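Contents: one structure, followed by commentary.
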Protein chains: 2
Amino acid sequence: MSEALAKKAAALDAADGLARHRELFALDDGVVYLDGNSLGALPRHVPARMQDVIAREWGQLRIRSWEESGWWTAPERIGDRIAPLVGAAPGTVVVGDSTSVNVFKALVAAVRLAGDDRDEILVDATTFPTDGYVAESAARMTGRRIRALAPDEMVSALGPRTAAVLVNHVDYRTGRLNDLPVMTAAIQAAGALAVWDLCHSAGALPVGLGAHGVDFAVGCTYKYLNGGPGSPAYLYVRGDHQPRFDTPLPGWNSHEDPFGMRPAYVPGDGAVRGRVGTPDILSMLALESALDVWDGVAIEAVRAKSLALTDFFLECVEAYVPAGRVSSVTPVAHAERGSQVSLSCAEAGEVMRTLTARGVVGDFRRPDVLRFGFTPLYVGFADAERAATELAALVG
Amino acid sequence: MSEALAKKAAALDAADGLARHRELFALDDGVVYLDGNSLGALPRHVPARMQDVIAREWGQLRIRSWEESGWWTAPERIGDRIAPLVGAAPGTVVVGDSTSVNVFKALVAAVRLAGDDRDEILVDATTFPTDGYVAESAARMTGRRIRALAPDEMVSALGPRTAAVLVNHVDYRTGRLNDLPVMTAAIQAAGALAVWDLCHSAGALPVGLGAHGVDFAVGCTYKYLNGGPGSPAYLYVRGDHQPRFDTPLPGWNSHEDPFGMRPAYVPGDGAVRGRVGTPDILSMLALESALDVWDGVAIEAVRAKSLALTDFFLECVEAYVPAGRVSSVTPVAHAERGSQVSLSCAEAGEVMRTLTARGVVGDFRRPDVLRFGFTPLYVGFADAERAATELAALVG
């Protein structure tokens with residue numbers, strides 16, 4: 001470590017308008033948690049809320065809670081809590097199921113909207129693999145074919161056969177931020193529909209789904225949104241697409257009259273059309289409670305701090321780690337960077353195990369990537385400096 | 001009420017070997033809870049376990065819990081807890097997603113196994129509607145067609161075009177128990193595959209999935225299994241079908257090497273193949289904890305008590321309610337009865353609202369059904385007698 005960088009960290013922390021948010025989370029001062037892009041930390045107030053949900057809402061009110069405790073409307077209500085964080089209008093986001101299941105809904109609905117003469121789905125070849133696997137199934141079941149391309153090859157591959165494009169806003173491995181406004185405009189100019197996966201961007205940077213006219217989006221809630229392990233994912237359907245949103249999973253929760261128990265399926269209006277079966281209330285209400293930490297937080301301030309944190313971490317790594325031991329695979333340009341820094345490194349698996357044992361928790365992605373996620377609501381500049389110090393001690 | 005029936009109830013409760021299980025649940029002595037077939041009551045020990053899951057496993061161990069707290073393997077581990085309750089072999093049940101999503105997986109996989117020359121799916125026309133809606137989508141996406149039939153018409157409708165048959169073990173509305181062994185044998189003799197929905201039978205009566213060679217089954221866990229509101233559903237795939245189980249939802253959790261992040265999908269072996277995305281851990285571990293109430297309980301004893309309870313309730317209704325005010329739509333024969341009694345009744349919605357206000361909680365199913373579910377682990381004979389007394393006071 002260097003005296004100068006430690007002092008710089010202290011100054012940056014002192015000037016950080018989001019620094020007080022760290023108190024809202026259950027964190028151990030001895031640990032630098034840089035894995036919030038895998039599992040967000042626990043907001044301190046969630047256990048008490050969940051005790052109430054379990055002991056009173058389930059235990060005492062039982063079946064009455066579907067109405068009296070607002071369980072039935074939770075998927076849309078929580079969707080409306082997430083909407084402003086991703087720049088979506090009220091009534092366009094619904095919470096439920098996993099990201100994989102939502103990719104299936106969105107992609108099948110997108111190709112159906114695109115029409116039968118468009119038979120190609122472009123998929124981000126660098127994607128988190130589940131999106132690619134599920135896209136293959138969506139293509140197989142709708143009579144389309146898949147082309148896997150790097151995001152920067154996609155725009156030139158668009159054509160009259162393109163039905164839909166599935167792409168990640170931020171690449172899970174490298175942390176590269178793809179240009180959502182430009183790609184969405186190009187996809188739509190070609191007559192296709194844009195389906196964005198926001199898992200690694202929502203809660204870390206402005207997304208602007210509405211402003212950029214995105215057709216569909218999906219994302220998880222257990223990373224930067226801190227919803228808890230495996231908390232339910234969400235689906236965004238642009239308002240004007242909703243009346244023609246033709247889901248492959250028409251469960252009873254999406255019916256216009258669910259308790260009518262009618263034999264014919266008639267979808268409801270709005271975001272509810274993205275629902276499927278009975279929502280997993282405990283996971284869902286933990287997420288709802290966790291979202292309280294966003295009260296009064298501007299996502300632009302989060303983005304500014306995120307970039308400052310990753311810049312500073314890279315500066316510390318550059319200063320502390322001898323040349324050649326690690327190299328960043330995360331883009332330098334702010335416009336191309338999410339909220340993580342990925343360093344390729346020899347013996348990365350072993351390095352990350354040791355770092356974790358020393359209290360710097362990131363994760364390892366095969367074959368050689370050390371991944372450090374910076375959650376602006378609870379990671380500070382001194383944390384970044386300490387992480388670089390420990391890394392240098394290990395690989396220096 | 002009658003002195004004789006009240007005494008009979010007391011005697012039956014005194015002789016009930018399962019009576020002590022009621023103490024395991026958070027129940028109010030002033031309330032007769034006959035809605036466990038909609039939402040099972042809270043086992044008393046679950047809140048403390050969930051506090052530990054949330055505050056320690058998530059809050060303190062964070063990302064380490066995926067391995068150290070056994071989160072990653074929860075879907076198969078909890079599947080193996082459910083397996084003996086439905087007569088399934090270890091390694092054939094996996095927990096996750098909603099019943100609707102699991103119907104989609106099972107039905108698509110079944111028609112794929114049946115082969116391309118079989119283009120018809122028979123669906124229980126009296127089914128809980130979500131199964132029918134999802135079956136329509138499965139048919140549409142696999143190029144099959146749907147025929148909706150009453151369960152007793154299905155066997156005679158089987159033929160060389162039948163790919164799969166989706167049927168409920170117990171009808172949600174009437175409480176009719178369909179003959180799983182006989183129907184499964186007939187379906188398979190016709191060269192088709194049997195997909196059973198166990199939502200209203202699992203935890204209330206022996207199912208015998210293995211003994212009767214059922215191909216696929218799905219079910220929820222929040223009714224007689226008391227897993228909590230919207231707790232995850234399960235999928236059963238018969239062992240010899242597993243290597244050819246071709247899922248329409250090939251999420252990364254079902255990959256043979258999920259953390260390999262490989263671009264090509266290669267399914268894992270066994271029950272894991274039914275997984276999709278990241279499991280909803282909080283809901284899932286509440287279910288796991290709730291299953292502790294089954295330790296040492298034989299499902300045959302549960303069935304015996306269930307039949308005794310529904311018999312006795314019908315006896316009390318017959319004795320107390322003036323003729324013509326209600327009529328049972330639940331079969332009299334034990335072989336055709338699940339664990340509920342459904343009474344058709346004028347103004348049933350209003351009657352159920354008033355009954356609930358008086359502490360007898362069942363539910364109303366349109367247009368005219370009062371539904372009373374009898375959960376043998378926590379409902380007693382005096383409860384049944386009181387429910388009939390209150391009903392008689394209202395409609396008498």
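Using N, Cα and C of the backbone, Cβ positions are placed for all residues, glycine too.
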Candidate sharing the pyridoxal 5'-phosphate site with B:THR99, B:SER100, B:PHE128, B:PRO129, B:THR130, B:ASP131, B:ASP197, B:HIS200, B:TYR222, B:THR278 (per TrEMBL), from B:TRP58, B:TRP252 = B:TRP252
Just how spread out is the pyridoxal 5'-phosphate site if you go by the largest Cα to Cα distance in Å among B:THR99, B:SER100, B:PHE128, B:PRO129, B:THR130, B:ASP131, B:ASP197, B:HIS200, B:TYR222, B:TRP252, B:THR278?
-> 31
Sort B:ASP197 (pyridoxal 5'-phosphate binding site) into helix, strand or coil using the DSSP assignment.
-> strand
Which has the fewest other CB atoms in a 10 Å radius around its CB: B:PHE128, B:TYR222, the listed binding-site residues?
-> B:PHE128
B:LYS223 (N6-(pyridoxal phosphate)lysine) to B:ASP197 (pyridoxal 5'-phosphate binding site) - Cα separation in whole Å = 13
In terms of Cβ proximity below 8 Å, which recorded positions out of B:THR99, B:ASP197, B:LYS223 neighbour chain A?
-> B:THR99
Long-range same-chain neighbours of B:ASP197 (pyridoxal 5'-phosphate binding site), Cβ under 8 Å, sequence gap at least 6?
-> B:THR99, B:VAL103, B:ASP124, B:THR127, B:PHE128, B:ASP131, B:LEU166, B:VAL167, B:ASN168, B:HIS169, B:ALA217, B:VAL218, B:GLY219
List of residues, in chain order, with Cβ under 8 A from that of B:THR130 (pyridoxal 5'-phosphate binding site) and at least 6 apart = B:THR99, B:SER100, B:VAL103
Looking at Cβ-Cβ distances, which residues of the chain lie under 8 angstroms from B:THR278 (pyridoxal 5'-phosphate binding site) while being 6 or more apart from it?
-> B:ASN253
